[in-house]
Number of protein chains: 4
Amino acid sequence: MSDIKKVVLAYSGGLDTSVIAKWLQTEYNCEVVTFTADLGQGEEVEPARAKAEALGIKEIYIDDLREEFARDFVFPMFRANTIYEGEYLLGTSIARPLISKRLIEIANETGADAIAHGATGKGNDQVRFELGAYALKPGVKVIAPWREWDLNSREKLMAYCDEHNIHVEKKKGKKSPYSMDANLLHISYEGDLIEDPWAEPEEDMWLWSVSPENAPDEATYLNITFKNGDPVAIDGVDKSPATIMEELNKLAGANGIGRVDIVENRYVGMKARGCYETPAGTVLLKAHRAIESITLDREAAHLKDSLMPKYAELIYNGYWWSPERKMLQAAIDETQSVVNGEVRLKLYKGNVIVVGRKSDDSLFDEAIATFEDDAGAYDQKDAEGFIKLNALRLRTAAKKGRDLL
Amino acid sequence: MSDIKKVVLAYSGGLDTSVIAKWLQTEYNCEVVTFTADLGQGEEVEPARAKAEALGIKEIYIDDLREEFARDFVFPMFRANTIYEGEYLLGTSIARPLISKRLIEIANETGADAIAHGATGKGNDQVRFELGAYALKPGVKVIAPWREWDLNSREKLMAYCDEHNIHVEKKKGKKSPYSMDANLLHISYEGDLIEDPWAEPEEDMWLWSVSPENAPDEATYLNITFKNGDPVAIDGVDKSPATIMEELNKLAGANGIGRVDIVENRYVGMKARGCYETPAGTVLLKAHRAIESITLDREAAHLKDSLMPKYAELIYNGYWWSPERKMLQAAIDETQSVVNGEVRLKLYKGNVIVVGRKSDDSLFDEAIATFEDDAGAYDQKDAEGFIKLNALRLRTAAKKGRDLL
Amino acid sequence: MSDIKKVVLAYSGGLDTSVIAKWLQTEYNCEVVTFTADLGQGEEVEPARAKAEALGIKEIYIDDLREEFARDFVFPMFRANTIYEGEYLLGTSIARPLISKRLIEIANETGADAIAHGATGKGNDQVRFELGAYALKPGVKVIAPWREWDLNSREKLMAYCDEHNIHVEKKKGKKSPYSMDANLLHISYEGDLIEDPWAEPEEDMWLWSVSPENAPDEATYLNITFKNGDPVAIDGVDKSPATIMEELNKLAGANGIGRVDIVENRYVGMKARGCYETPAGTVLLKAHRAIESITLDREAAHLKDSLMPKYAELIYNGYWWSPERKMLQAAIDETQSVVNGEVRLKLYKGNVIVVGRKSDDSLFDEAIATFEDDAGAYDQKDAEGFIKLNALRLRTAAKKGRDLL
Amino acid sequence: MSDIKKVVLAYSGGLDTSVIAKWLQTEYNCEVVTFTADLGQGEEVEPARAKAEALGIKEIYIDDLREEFARDFVFPMFRANTIYEGEYLLGTSIARPLISKRLIEIANETGADAIAHGATGKGNDQVRFELGAYALKPGVKVIAPWREWDLNSREKLMAYCDEHNIHVEKKKGKKSPYSMDANLLHISYEGDLIEDPWAEPEEDMWLWSVSPENAPDEATYLNITFKNGDPVAIDGVDKSPATIMEELNKLAGANGIGRVDIVENRYVGMKARGCYETPAGTVLLKAHRAIESITLDREAAHLKDSLMPKYAELIYNGYWWSPERKMLQAAIDETQSVVNGEVRLKLYKGNVIVVGRKSDDSLFDEAIATFEDDAGAYDQKDAEGFIKLNALRLRTAAKKGRDLL
């Protein structure tokens with residue numbers, strides 16, 4: 001355990017990663033650099049500085065990554081209308097590659113030879129952190145204390161704190177019993193009461209959204225403008241990527257939108273119950289599909305749909321920094337230069353309802369689509385040949401006695 | 001136009017198909033057999049008999065196909081969690097192959113050499129009807145009057161009726177301005193006011209569901225039981241496929257569930273606005289995914305997700321009766337014998353919320369998934385090797401100088 | 001037939017297209033512009049000028065498109081290791097979009113409002129020409145005489161020539177009974193004796209290659225250098241794309257390489273027997289796979305393989321100029337910047353045998369792959385965790401009684 | 001290491017597995033059951049009995065699995081025209097699941113709680129053996145000595161033999177320096193001289209085939225009959241699956257057919273050079289595609305092609321006994337009931353040339369495909385509507401200014 005000289009730790013300032021910082025200093029006898037990121041989780045990150053200093057940390061990184069996160073990770077992912085297993089919007093998954101990237105950048109800047117994280121050995125996050133780190137710095141060492149130590153309960157952690165004089169802030173009010181993660185895209189809940197897939201979550205678990213029942217009785221209407229496949233304005237006012245996420249989280253959360261409650265398949269092989277609040281994401285996915293519906297070519301849209309499950313799987317499994325994700329991104333991005341225009345939405349008690357879409361790049365051609373006289377824009381007689389040739393192989397098969405029933 | 005002796009007409013009893021019946025008799029000088037099906041559209045089909053008789057039709061088929069439709073078409077499609085272009089539940093598409101099948105069966109029984117339908121030359125339905133007919137009876141002739149005649153307005157149709165003494169029933173109340181289609185799975189609206197994708201549909205267009213605003217303030221809870229991937233019971237009471245559809249349509253429609261408003265890509269090449277109400281379908285899709293989430297193997301689930309867009313496209317485009325649809329069905333059905341169990345749902349003002357799932361075939365293993373001590377069910381150290389080997393190719397690439405940023 | 005003023009005709013100078021030129025002048029009473037391209041078919045194109053002049057054509061385009069064809073069509077296609085239905089290297093298919101592009105460019109330059117081609121109504125080429133033309137100039141009119149006229153035999157065509165004073169050159173020697181097409185990538189044969197799929201082609205049908213039996217008894221060795229996925233040099237000597245095709249056609253053809261004899265599925269719905277000689281293409285596909293085998297990441301390679309059938313189908317069906325082909329091309333091209341290096345090949349009596357591959361971008365790591373001691377480059381113990389976690393879902397299923405036999 | 005009571009060892013009778021048998025007895029202090037299979041590797045398996053007895057083994061299984069291997073593993077795989085990474089016919093991969101299955105059956109019969117194998121920690125075979133074992137008996141323990149012990153050279157193994165009185169037969173002649181594996185489908189070579197991807201294998205490495213140069217100057221013609229997608233007869237004579245493999249191996253090997261020399265991507269993350277001889281397999285793949293070319297529907301064929309890379313990957317990676325492989329198998333098998341008929345082949349100096357195919361289930365329709373007058377079987381005018389509607393979306397895009405160049 002002695003050949004590591006300096007390790008960059010993904011540090012939240014909380015109990016677990018504070019213990020890890022001390023444990024790394026003690027067990028590995030190495031210097032620890034802390035890295036704390038504001039990804040929009042809704043908690044101050046500055047307080048992490050004093051905590052790190054109290055642990056004797058000399059190199060402390062505290063970064064506001066909100067804009068980069070929204071612009072370079074969330075939005076590119078949303079161009080693909082990405083959903084994992086039909087339900088999950090990948091809120092945690094998409095944050096990990098950015099953290100890996102910064103961990104490695106900091107390792108390079110500080111001359112560290114290792115990184116460390118506080119993810120457990122049963123989850124996906126260890127995989128995501130480490131695949132990213134290895135892909136960006138192949139010789140890096142990775143320390144995952146939860147796979148090594150025996151401090152596997154809150155009691156043991158607290159005892160360790162006492163023993164090593166780590167000051168743990170008592171949170172006001174009841175501590176949530178859930179394992180949580182939050183960023184601009186979502187907040188997640190796992191463990192405790194919701195480990196049983198038959199148990200309905202209690203209302204007070206949810207932190208970011210009101211329930212549909214408690215949402216306003218009046219609908220909220222809003223317009224979202226897209227440019228090159230990305231949202232750029234709300235109600236005609238241009239906003240930065242992170243601001244769009246923040247405002248939509250508020251608007252949608254207040255209307256009871258974005259709760260997801262699923263059993264998902266982890267990359268490490270087990271099924272796990274997860275609950276998520278993704279207010280902005282839920283709105284943006286719906287809006288993005290709507291603006292694509294009038295601007296995207298049919299076959300491009302279908303090809304995107306057929307590639308999406310693979311793309312979602314790659315992100316979920318931690319392969320953001322991989323050649324195959326870049327291939328799919330290239331295909332997806334190729335289509336988005338025409339995905340421009342405006343979508344009108346109605347938010348109401350958990351519902352996101354598209355009520356209008358318009359675009360200068362619209363391929364919707366009223367002259368052709370109309371039930372009224374189309375003045376020759378479309379020759380209905382063409383349909384006969386179209387059908388006849390598409391049917392030819394089926395007819396030939398049927399003539400030869402093939403039974404297609 | 002004279003070599004056709006007898007034609008089976010898909011006959012609704014309404015204005016259009018009544019005109020077609022007469023027109024076929026007149027223009028083709030051939031015998032007409034009418035076929036009227038109850039697919040759960042919510043209108044009496046028996047009245048079509050008198051209307052057909054009034055037109056001088058001698059062979060009149062009126063069939064209740066509701067159970068067959070739900071059991072052999074809707075349910076198999078739902079096993080794949082099928083959605084077209086992310087939004088459309090294929091309510092019209094999935095009814096067409098059953099109608100084609102019956103048209104051909106009746107043609108064979110009555111010795112008819114042709115079929116006819118009332119679909120226009122711009123839509124998908126002509127394709128679906130005709131591909132099905134050609135696949136099942138390769139030598140059949142198809143008459144699509146809307147592609148031939150010049151009766152291309154309501155006024156001309158009415159004039160034709162006057163001229164040929166066709167009695168047209170005046171519907172009570174205002175006639176809907178929309179082109180509509182309905183069956184157990186959905187009711188659809190096209191044309192008129194909603195031809196403009198920017199225009200929000202007026203509330204009185206929707207016939208099957210209340211708006212979320214008008215839905216009850218109390219949630220409705222229900223349980224759905226699945227067997228071999230199909231729903232078989234509601235709240236523990238076994239019901240037939242069509243009954244399940246009918247009851248869920250009522251329950252979900254009353255809770256404001258199932259409205260869809262989209263611009264979709266037609267197979268014949270244009271984009272079209274469509275609005276749909278699919279109450280039961282919306283509930284069943286959510287419930288089916290939920291029961292799969294605990295019973296289906298991860299890789300089977302992902303493979304299903306990756307095949308689904310193709311499968312949906314096949315159904316949308318009219319290739320139900322095709323070797324490729326049968327291939328995909330075989331793959332899908334292979335997975336469903338373990339999709340058994342119960343899903344608990346909450347219906348509330350437009351929302352379908354899964355609040356529980358349980359199954360004797362559940363693969364959810366609390367012993368492994370738990371955040372608590374798992375008593376050795378899972379060795380966290382295995383994760384290191386798992387990550388290391390999955391990372392090996394990425395590390396090798398990075399060592400060779402590949403930039404994955 | 002009178003609203004067309006000027007038409008650009010894809011003109012070979014042969015009997016069929018000479019008749020078409022005259023027929024267009026006569027039937028459509030319009031001006032005809034001829035376009036003749038050298039795509040490497042191995043026949044002089046200049047003689048087409050005099051023939052066109054004799055028909056009274058005033059605007060005559062004769063272009064040498066060999067380099068553009070190889071560089072912008074054949075090579076991009078080969079980056080995907082493209083094969084249709086496991087056997088066909090798409091020699092005809094890939095030439096059509098270039099011809100469409102030039103037809104439209106010339107139409108735009110000359111103010112023509114239509115294009116015309118000599119492809120029949122049963123084949124794929126009409127589709128490819130016309131889809132390309134419509135995609136690049138949506139208002140263009142297309143004249144396909146073979147779908148219109150009744151000159152459906154060689155005799156009628158000859159009679160037409162006599163009647164209209166069209167001079168037809170008598171070819172020396174026996175005229176081939178096959179319908180043929182040739183360019184830098186291949187020569188194709190259809191019809192006549194090989195319409196029966198059970199009949200072996202006669203040896204004198206093949207024009208570009210000797211039979212394996214007649215090939216030299218000594219093997220030919222050569223090296224091909226790739227850069228960014230494209231071949232750039234033979235035996236260390238840089239050559240232009242067209243030159244590479246021409247030299248490899250000679251070398252490989254002389255060694256009996258590149259014959260293909262298949263029954264293929266046409267886009268218009270029927271099966272057809274086709275024989276092809278693709279000497280250079282056969283060598284390049286093998287060589288490209290070999291250079292990719294050491295330079296491409298595994299998952300990128302597998303993703304390419306899984307996208308290839310779709311990509312091949314798009315090209316075969318005539319969708320080169322489409323958003324979906326461009327999407328796939330973007331994904332494919334994304335991977336090729338590292339596909340650099342050299343492949344050593346042995347050509348012998350029909351066989352293309354890869355005997356070596358090397359690259360500065362090689363990901364082959366002898367230190368890891370070796371059966372000998374690897375000095376710690378790979379920790380065999382990692383394999384246990386890798387297997388255990390990959391097996392976890394299968395074990396869970398088996399524990400629950402699932403039978404995977 | 002003491003909780004294992006009885007282990008079933010995949011035992012070849014050679015040096016490595018003899019050492020393993022002894023090592024298991026010594027290190028694990030457990031009873032060892034040996035299992036030796038005849039998979040058509042071309043060596044006697046009976047001699048393994050005496051060797052096992054000499055090691056004190058009491059439960060000795062020696063099985064002739066050739067028919068089962070060909071019928072239930074090789075043939076089903078070949079129905080999909082399966083090739084890994086464009087070149088590899090999966091000869092080793094497809095044998096592993098059968099061995100796993102027998103190991104587990106024997107474990108169940110003998111009450112063993114573990115299995116053991118002689119695969120190294122760097123290869124794919126460990127993964128294949130163990131995934132299969134875990135899928136079929138989730139609680140089984142697996143011992144992989146090469147990942148545990150330090151006997152990592154031939155010298156150490158020999159020393160171990162001396163020390164433990166294990167009698168090692170001296171093979172006559174020079175021992176091959178390659179790591180090899182053989183069964184009815186192929187023989188493989190890895191390591192030593194061919195570890196360098198630039199090095200051409202020496203001619204004396206190849207054991208099953210003559211070189212094309214040394215193959216007869218006369219071609220060999222033969223007919224293969226297929227039924228339900230599987231080969232059932234050669235030259236009209238019905239033969240068992242294993243016999244077909246054996247005869248074709250001889251015929252094709254004698255004609256220089258079936259050598260493959262590649263760099264492949266292993267599941268454990270590295271690239272490796274492999275050389276293979278797959279004579280029968282090479283012939284059967286070509287023949288199977290040929291019989292499919294006239295009997296299979298186009299879209300079924302294309303869907304098969306698009307699923308094949310995934311299917312090949314699953315087999316390569318060791319997931320034969322998995323729900324996802326069974327899904328794909330169901331889809332593939334669904335298509336094969338019509339894959340009946342006869343293929344005529346010419347084998348000549350490394351070439352497998354299809355020279356004819358015929359079938360009562362042929363979909364090839366000469367009446368439609370002909371260049372001659374088709375007497376109305378196909379209406380060329382249908383092509384116009386077919387093209388027009390397929391072009392509609394492209395034209396609409398172009399009208400809106402989209403540039404598809």
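In case you wondered, yes, glycine gets a Cβ from its N, Cα and C as well.
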Inset, instruction - Quick one: which of B:Ala37, B:Ala107, B:Ala135 does TrEMBL put in the ATP site with B:Ala10, B:Tyr11, B:Ser12, B:Gly13, B:Gly14, B:Leu15, B:Asp16, B:Thr17, B:Ser18, B:Gly118? - result: B:Ala37
Inset, instruction - Quick one: average pLDDT across the domain 'Arginosuccinate synthase-like N-terminal' (B:6-166), no decimals. - result: 96
Inset, instruction - Indicate the candidate from B:Gly14, B:Gly118 with the smallest number of other Cβ atoms within 10 Å of its Cβ, considering only these binding-site residues. - result: B:Gly14
Inset, instruction - May I ask which of the binding-site residues B:Ser93, B:Asn124, B:Ser179 is closest to B:Asp16 (ATP binding site) if we compare their C-alpha atoms? - result: B:Ser179
Inset, instruction - Count, for each of the binding-site residues B:Ser18, B:Thr120, B:Asn124, B:Ser179, B:Ser188, the other C-beta atoms lying within 10 angstroms of its own C-beta, and report the residue with the smallest count. - result: B:Ser179
Inset, instruction - Measuring CA to CA, name the entry from the binding-site residues B:Gly14, B:Ser18, B:Asp125 that ends up nearest B:Ser188 (L-citrulline binding site). - result: B:Asp125
Inset, instruction - Report, as a single number, how many Cβ atoms besides its own are within 10 Å of the Cβ of B:Tyr276 (L-citrulline binding site). - result: 27
Legend entry - B:Ser179 (L-citrulline binding site) and B:Ser12 (ATP binding site), Cα-Cα, nearest whole angstrom: 14
Inset, instruction - Fill in the CA-CA distance, B:Ala10 (ATP binding site) to B:Ser179 (L-citrulline binding site), as an integer in Å. - result: 17
Legend entry - Intermolecular Cβ proximity, binding-site residues B:Ala10, B:Ser18, B:Ser93, B:Thr120, B:Glu264 versus chain A, under 8 Å: B:Thr120, B:Glu264
Legend entry - Spatial separation of B:Asp125 (L-aspartate binding site) from B:Glu264 (L-citrulline binding site) - C-alpha basis, Å: 14
Inset, instruction - Could you state the whole-number distance in Å separating the C-alpha atoms of B:Tyr88 (L-citrulline binding site) and B:Asp125 (L-aspartate binding site)? - result: 15
Legend entry - Tertiary neighbours of B:Ser93 (L-citrulline binding site) (same chain, Cβ under 8 Å, six or more apart): B:Tyr84, B:Asn124, B:Arg128, B:Ile315, B:Tyr316, B:Gly318
Legend entry - Spatial separation of B:Ser179 (L-citrulline binding site) from B:Thr120 (L-aspartate binding site) - C-alpha basis, Å: 11
Legend entry - Three-state secondary structure, B:Ala10 (ATP binding site) (per DSSP): strand
Legend entry - Under 8 Å by Cβ from B:Asp125 (L-aspartate binding site), counting only residues of that chain that are 6 or more apart: B:Thr92, B:Arg96, B:His117, B:Ala119
